[in-house]
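Residues or ranges marked as active site, proton acceptor in TrEMBL: HIS34. The annotation Ca(2+) 1 binding site is assigned in TrEMBL to ASP35, VAL38, GLY40, ASP42, SER44, GLU56. Positions annotated as substrate binding site by TrEMBL: PRO131. Residues annotated as disulfide bond in TrEMBL: CYS3-CYS83, CYS36-CYS41, CYS89-CYS290, CYS168-CYS200.
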Amino acid sequence: KSCPQAQEIVKSVVAKAVAKEARMAASLLRLHFHDCFVKGCDASLLLDSRGSIVTEKRSNPNRNSARGFDVIDDIKSALEKECPQTVSCADILALAARDSTVLAGGPNWEVPLGRRDSRSASLSGSNNDIPAPNNTFNTILTKFKRQGLDVVDLVALSGSHTIGNSRCVSFRQRLYNQSGNSKPDTTLDESYAAQLRNRCPKSGGDQNLFFLDLVSPTKFDNSYFKLLLASKGLLNSDQVLTTKSEASLALVKQYAENNALFFDHFAKSMVKMGNISPLTGSSGEIRKTCRKINSS
């Protein structure tokens, strides 16, 4: 009510950014996830290093890979013109993630709003709390449970890998040395692995990009789950959903067969994730710019 045009403004800036570069949809969705898993959905990820603040952008999960910060800046400046200090950067991240999903052909959902922005960041939290591509299934599930999320949320939200890219450095060990014995990961389809080795050599090429879903890399659909069943998940953290847990394998099969069920679960899990420890009331602040706290 305090900024009736807010959702339209966010949507139009996101639409322009995604029209310019389809990959941006996945990047914006990922920002919300990397924000919420560290101290809750409080836009701590957006803060640059300044004073006592050490930026989360330097953490292992974010360095050289988190992107879309300029799009968030554009949204924030448009909102500040319309209704100054009313819409938090944390709410912008939540809305941009939803709009990106819809633009890529995915489900829509109502985003609960009213989050406030944190006045601090946590580099250690970013390094420790965000699931990593080479984590074991149990480690990933533990990191989700720590946030109040369960195995359904884990599998449904992993489905966001139906869009976007990953870097060679994130899955190289699967091609050459999965378990320290200089052998490739046996759970990876051999012809797919051979294809990946062409552009992801044993050394060098760390930043080379690969589609997470090689069938429809810019379309939000359930082909990611079909690929997992064909042993063509790109990341170790993708493929373990079919190899390390009966419960997650059952969900992968359900989503691969039923796109509507995947969309329904994904939307519900995104709302749940967006509700991780939000700052409300008089906690935190509404930042004027997303990269720094308001000066007192």
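The backbone N, Cα and C atoms fix where each Cβ goes, glycine too.
The shortest Cα-Cα distance between VAL38 (Ca(2+) 1 binding site) and any of the recorded positions CYS3, CYS89, PRO131, CYS200 is the one to PRO131.
Among the recorded positions CYS3, ASP42, SER44, the ones whose Cα sits within 10 Å of the Cα of CYS89 (disulfide bond) are ASP42, SER44.
The Cβ of HIS34 (active site, proton acceptor) has 22 neighbouring Cβ atoms from other residues within 10 Å, across all protein chains displayed. Sequence-distant neighbours of PRO131 (substrate binding site) (same chain, 6+ apart, CB under 8 A from its CB) are PHE37, THR139, ILE140, LYS143, PHE144, SER237. Counting only same-chain residues six or more apart in sequence, the Cβ atoms lying under 8 angstroms from the Cβ of SER44 (Ca(2+) 1 binding site) belong to ASP35, VAL38, GLU56, SER118, SER120, ALA121, SER122. In terms of C-alpha distance, the listed recorded positions HIS34, GLY40, CYS290 place CYS290 closest to CYS83 (disulfide bond).
Around CYS168 (disulfide bond), the C-beta neighbours below 8 angstroms that are at least 6 residues distant in the chain are ARG199, CYS200, GLY205, ASP206, GLN207, ASN208, LEU209, PHE210. Closest in space to CYS290 (disulfide bond), of the recorded positions given as HIS34, GLY40, ASP42, is ASP42, taking the CA atom of each residue.
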